[in-house]
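According to Swiss-Prot, the features are:
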BINDING   Gly12, Ala13, Gly14, Gly15, Arg16, Met17, Glu38, Gly102, Thr103, Thr104, Ala126, Ala127, Asn128, Phe129  NAD(+) binding site
BINDING   Arg39  NADP(+) binding site
ACT_SITE  His159  active site, proton donor/acceptor
BINDING   His160, Gly169, Thr170  (S)-2,3,4,5-tetrahydrodipicolinate binding site
ACT_SITE  Lys163  active site, proton donor
Amino acid sequence: MHDAQIRVAIAGAGGRMGRQLIQAALQMEGVALGAALEREGSSLVGSDAGELAGAGKAGVAVQSSLTAVKDDFDVLIDFTRPEGTLNHLAFCREHGKGMVIGTTGFDDAGKQAIRDAAQEIAIVFAANFSVGVNVLLKLLEKAAKVMGDYTDIEIIEAHHRHKVDAPSGTALAMGEAIAGALNKDLKECAVYSREGHTGERVPGTIGFATVRAGDIVGEHTAMFADIGERIEITHKASSRMTFANGAVRSALWLKDKKNGLFDMRDVLDLNSL
């Protein structure tokens, strides 16, 4: 990797998250914006990435091909769609580039492809790059170990009307954190929908509820409910910049990593707590 700075490329540069990532990359010390990418045929190709993000001229033109910029970046930051991310993953694996993956909605095969690639390149793969959310995940592990076997656990998440996957990747990560703390498999204890005559709640399950409305950036609550009391642990995001800053921070953290699969808790050293 480049000696002086980590050079990042931003996939999906013209999207809501892409523009925030460009701003974060331009602002963070030790990071240089090396490339910005949009899909082939986009009217944004050729435009200045900094101006696109509202951050002023950056001197980096938006491109439609990773091949065209393969010598301009060390780490690709990708918050796009699973099919696009997996194509980018294959390129980065072939050319020895690190990746920060914030894309959600992968199936099991997609997740396995990421694990396989991490044997050769360094990857930070997380459902949520907010510092607060990752502290939340740690708190959920602690709460589950104390209360999980005695309470009804529900996870409620809300996002903007444009989000295409449900439950959110963060909600699933919350479920995984709780299930893992209880030595359970989330696939076997999760309840993703309730409709009609459902009967009484099945003990030991983890319920999920989803809201899609307006411009909600992201809200997540885990509820541990007993008779007479309940604990709710909530995170609310008010700006995508919290995710963008975390993703760029992750790219910087990867600077000296050759290979391996990491998440945001590794970046923040939360696993040592």
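These residue numbers are counts, starting from 1, taken along the chain as shown.
Backbone N, Cα and C define each Cβ position, glycine as well.
Known features from Swiss-Prot, placed on the structure.
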residue: Gly12; record: NAD(+) binding site; CB count, 10 Å: 23
residue: Gly14; record: NAD(+) binding site; CB count, 10 Å: 21
residue: Arg16; record: NAD(+) binding site; CB count, 10 Å: 14
residue: Glu38; record: NAD(+) binding site; CB count, 10 Å: 23
residue: Thr103; record: NAD(+) binding site; CB count, 10 Å: 25
residue: Asn128; record: NAD(+) binding site; CB count, 10 Å: 27
residue: His159; record: active site, proton donor/acceptor; CB count, 10 Å: 25
residue: His160; record: (S)-2,3,4,5-tetrahydrodipicolinate binding site; CB count, 10 Å: 13
residue: Gly169; record: (S)-2,3,4,5-tetrahydrodipicolinate binding site; CB count, 10 Å: 17
residue: Thr170; record: (S)-2,3,4,5-tetrahydrodipicolinate binding site; CB count, 10 Å: 27
Cβ atoms near Ala126 (NAD(+) binding site) (within 10 Å, other residues, all chains): 26
Per DSSP, three-state class assigned to Gly12 (NAD(+) binding site): coil
Neighbour count (Cβ, 10 Å) for the residue listed as 'NADP(+) binding site': 14
Cβ packing number for the residue listed as 'active site, proton donor', 10 Å threshold: 16
Pairwise CA distance, His160 ((S)-2,3,4,5-tetrahydrodipicolinate binding site) versus Arg16 (NAD(+) binding site), rounded so that it is a whole Å: 12
Rounded to the nearest Å - Cα separation of Gly14 (NAD(+) binding site) and Arg39 (NADP(+) binding site): 9
When distances run from the Cα of Arg16 (NAD(+) binding site) to each of the recorded positions Arg39, His159, Lys163, Gly169, Thr170, the nearest one: Lys163
Distance, Gly169 ((S)-2,3,4,5-tetrahydrodipicolinate binding site) to Ala126 (NAD(+) binding site) (CA atoms, angstrom): 8
Env. residues of (S)-2,3,4,5-tetrahydrodipicolinate site, Cβ within 8 Å of mean position of His160, Gly169, Thr170 Cβ: Thr104, Ala127, Asn128, Glu157, His159, Lys163, Asp165, Ser168, Ala171, Gly218, His220
NAD(+) site span - longest C-alpha distance across Gly12, Ala13, Gly14, Gly15, Arg16, Met17, Glu38, Gly102, Thr103, Thr104, Ala126, Ala127, Asn128, Phe129, in Å: 22
Nearest of the binding-site residues (Gly12, Glu38, Thr103, Asn128) to His159 (active site, proton donor/acceptor), judged by Cα-Cα distance: Asn128
